[in-house]
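Peer 1: Straight out of Swiss-Prot:
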ACT_SITE  D72  active site, proton acceptor
BINDING   S7, N8, N9, A10, K11, K12, S73, F155, G156, Y157, D158, K184, H189, R190  substrate binding site
BINDING   D72  Mg(2+) binding site
Amino acid sequence: MKLLVASNNAKKLGELQRILDQAGIENVELLALADVPSYPEPVEDGRTFTENALIKARAGASNTGLITLADDSGLEVDALNGMPGVLSARWAGKHGNDQANNDLLLAQIADIPEEHRGAAFVSVCAIVTPDGREFVEEGRWHGTLLREPVGTNGFGYDPLFVPMEESLIEGRDRSSAQLTAQEKDALSHRGKALRALVPAIAELAGQ
């Protein structure tokens, strides 16, 4: 079975491949957007992660005829009333400028004391089939925000985010950008949402 992942982010494809391998699901070939003929990029104008994930997955399925998986994710900061939320990737104005997004967020919460620097990464993953079936799952990852970026393994807001699981271990305060890929898979918001979709993928693959 071919499964289009509506992204060109190699780290996202790698994460899903590792999760499928761990679940023992075989005969699923993951394709990135670069592997299929280009089609008009859908406008992500949803007001929720779920709406945006479905917009991307529906566009992939309708334009390519392939079962399509898409995710929409972001960071919800308690002190900012849940923002940047669905605007996370373009918080500083330009889509995908991690440095600018991190700098702006740090400036906005500079005066927030440690006990109020809570945040959560949220990911909604959606699968849409060409015949219109839809599967949607959400994952959340709670933690706190640092005052400066630490680590080089992740992307987005990873260098600012200390997972709750790390905070509970005395002497450990690693950011999610300091975790190994395997550690992040086990804990992350996207990992949780993707694992919740494994039964649907297995069903679609006839396993």
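Note that Cβ sites are derived from N, Cα and C of the backbone, with glycine treated the same way.
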Peer 1: Rounded to a whole angstrom, what is the C-alpha distance between K11 (substrate binding site) and D72 (active site, proton acceptor)?
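Peer 2: Approximately 15 Å lies between the Cα of K11 (substrate binding site) and that of D72 (active site, proton acceptor).
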Peer 1: Can you tell which of S7, S73 has the most other C-beta atoms within 10 Å, given these are the binding-site residues?
Peer 2: S73
Peer 1: What residues, ordered by sequence, lie under 8 A Cβ-to-Cβ from G156 (substrate binding site) and sit at least six positions away in the same chain?
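Peer 2: Non-local contacts for G156 (substrate binding site): L75, S88, A89, D98, N101.
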Peer 1: Which one of these binding-site residues has the most other Cβ atoms within 10 Å of its own Cβ: K11, H189?
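Peer 2: Counting every other Cβ within 10 Å of each candidate, the maximum falls on H189.
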Peer 1: Counting every protein chain present, what is the number of Cβ atoms, excluding its own, within 10 Å of the Cβ of N9 (substrate binding site)?
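Peer 2: Within a 10 Å radius of the Cβ of N9 (substrate binding site) lie 14 other Cβ atoms.
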Peer 1: Going along the chain, which residues six or more apart from D158 (substrate binding site) have their CB under 8 A from its CB?
Peer 2: G151, S175, S176, A177
Peer 1: Which whole-number value in Å describes the distance between the Cα atoms of N9 (substrate binding site) and D72 (active site, proton acceptor)?
Peer 2: 13
Peer 1: Distance between the residue listed as 'active site, proton acceptor' and H189 (substrate binding site) at the Cα atoms, whole Å?
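Peer 2: Roughly 11 Å, rounded to the nearest whole number.
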